[in-house]
Amino acid sequence: MAGGRMQLELSRVVQGRSRLGVLKGLGRTGQHSLEVPGCLLYTHFGTVPHLTQDTLHTLRNLPSVTQVTLSNIAEHQEVLEEFKDGFRKFAGLHDTVVYCSLHDPATLCPTGYTTNKTVSVWGSGGRIELTVAKFMALQKTVQPDWYQSMADGETWQNSTSRKRVRKSVDRTLAHLDECLLVHQKSQELDGVEVFGVVEGGDILEERVRSARETAKRPVAGFCLDGLQTASMDQRLRTQLITAVNKELPEDKPRLLQGVGRPDEVLACVEAGVDLFESFFPFQVTERGCALCFSFDISPDPERAVLELSEEKDAAGDTKQNGDLNHDDQTQMTSFEINLKDKRYQDDFRPLVEGCGCYCCKNHQRAYLHHLLVTNELLAGVLLMIHNTSHYHGFFSALREALAKDKLDLLKTRIFNPLNFTDATKTGMKDGLCASRPHTG
């Protein structure tokens, strides 16, 4: 088996699906661990966007696993091969586990470029076509602690035909078998873990087949692909994830790709997902926005009153920014405020009352507004500090809620109608936001 040290220890399973525990034995030495449900640290070429390593490590609750993507790395293969000591040392990463995925989750890739033998990634220089041989050569060069197998993930659009979805599953399984064969013969990848990829588009039978066959392979965990925001509504996503997880072993982690919005994260955790990619704070930052949703499940009544007032302010903020499109990852969501708006030019409150991040301790909304409208680089730095801190704080609250039987309270906070505009309230039922109906 590839690797062999990664081990998921579950301490609780709530309502039969939501899993609380620790993923242990991470890294070449096995000394790292990651609490689940949890998320990975999103990076561009090993760096969290806008933040230096020193600035990043002033934040608390950072995950022990750093995600890098071949879409950022593939065009630098020759340089990394000449360097010889792997991507971790090349990028100056210290005391972290490196996970290598295929695509950047914050960027939708063009479709129509996959063949029976190749997949394509898109870097700054354009398209790079990967065979299994080139894909595995890249893994040997990167020297990650774990990586996802090569996969045909071009079936996330709901107009994809059943025949194309079936072909995607077949190709992905064939790629996995080839990757495992090369991996097991490679000295450079000794001790490195492989995650198999579950495809199947929006077709239940193909999802189940993909999961069942992938689970037969000697993989350390599973990536659930093609379920990202904008690909389908949450009810269908939950149905597919629930069916897939019934086919997967309980003692191996499940990583969901392309889903980061807090309401969707909660629904997917309830369906049995363990790990997520933390690209959502970056997307919010790029919009010039700040995360402001509440996830405090403490019983402090004074704190509750304060946060209720904050939520009312945030609800008023988002309403004035127009209708929100929850299917479009580039559009503002109801969990954030747009600091470019003129109303913040004389708002001297922190982004979030009580937030302990550097930005909220030292600066006001008015200052962030000024930085944004004058296109100062510091705006991205301060927003990324806050958004990263807030998002990882949400995951800490999620684990606490599972441990203390307060998941319903957390859901009440996240799905508070004050967090949503009138347009997004429509269709909210059972904790799920309305989105476009499934037509596949």
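Glycine is treated like the rest: Cβ placed from N, Cα and C.
No curator has checked TrEMBL annotations; they are predicted automatically.
TrEMBL annotations:
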{"type": "DOMAIN", "residues": "19-415", "note": "domain 'tRNA-guanine(15) transglycosylase-like'"}
{"type": "BINDING", "residues": "Cys355, Cys357, Cys360, His386", "note": "Zn(2+) binding site"}
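Other residues of the same chain near the Zn(2+) site, with their Cβ within 8 Å of the Cβ centroid of Cys355, Cys357, Cys360, His386, are Pro350, Leu351, Val352, Gly356, Tyr358, Cys359, Lys361, Ile385, Ser389, His390. The most crowded of the binding-site residues listed here (Cys355, Cys357) is Cys357, judged by how many other CB atoms sit within 10 Å of its own CB. Counting every protein chain shown, the number of other Cβ atoms lying within 10 Å of the Cβ of His386 (Zn(2+) binding site) is 27. Within 10 Å of the C-beta atom of Cys360 (Zn(2+) binding site) sit 22 other C-beta atoms, taking all shown protein chains into account. This prediction places the mean pLDDT of the domain 'tRNA-guanine(15) transglycosylase-like' (19-415) at 91.
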